[in-house]
Amino acid sequence: MTSASTPKGERRRHALVTAAAELLAEGGFDAVRHRAVAERAGLPLASTTYYFDSLDELVAAATEHHGRAELEKGRARLAGLSTENRGLDTVVELVLDQLLGEDPAYEAVLLRYERLVGTGRRPYLRPLMRTLSGELRELLERILVKSGLEVDQRRIEQMIAVVDGAVVNALIAVDPDPRGVAARMLRETLATALPLDPQRDPDGRDEDDMDDMDDMDDMDDMDDIRPIGDV
């Protein structure tokens, strides 16, 4: 790779990486080609081979750029979260936003998993993917802890496996809502495997709310048995 030692060179290289990352997100690895990247960046075709020794090097840079952008978005989300016990449905959505992205559309989920599976055929991406995966797991753990759930990395691995399995099966079945399938499976896993706050029910209501509802039910019962003379 030619060093982008000048401000102009840095800007050009960054533009190429950004363009490649956009193409990667939109069309997978096959969409990242020298000509397509140069055209998206608005730069000469020769610039891709000037700043990158090979297409693999450009793909690796794009993969890292895309992955780190998603991690930064997740960390910003984490920073905005208060520390509180959250309802099960809220926790499920927080986790899925990190694992699947915020776009629930079938095509968006399909493209994400095509990229993930495609890394297996690109050995040069393995060290990078291990690093990014480790950072994602740490992010998930911090989100769950802030949501009132104490988890370890083994439990995180289980949750990821549940989501991945649910999504892949949904994609194979051409289910139009793979995220919805994953949400149901993850919800069941969390409900049965994790020590959710006993003060909250799965809908996020605390026991005081439930007691108030019980009191209202008791009042209704009293109305049912109230003597006619008291009416």
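Just so it is clear, glycine is given a Cβ too, placed from its N, Cα and C backbone atoms.
Away from its own ends, the DNA-binding region (33-52) comes close to residues 1-2, 4, 9, 12-13, 15-16, 18-20, 22-23, 58, 61 of its chain (Cβ-Cβ under 8 Å, at least six residues beyond either end). The DNA-binding region annotation in TrEMBL covers 33-52.
As annotated by TrEMBL, compositional bias 'Acidic residues' applies to 204-223.
With helix defined as DSSP H, G or I and strand as E or B, the domain 'HTH tetR-type' (10-70) counts 51 helix, 0 strand, 10 coil. If you look up TrEMBL, you'll see 10-70 marked as domain 'HTH tetR-type'.
For 193-231, the entry in TrEMBL reads region 'Disordered'.
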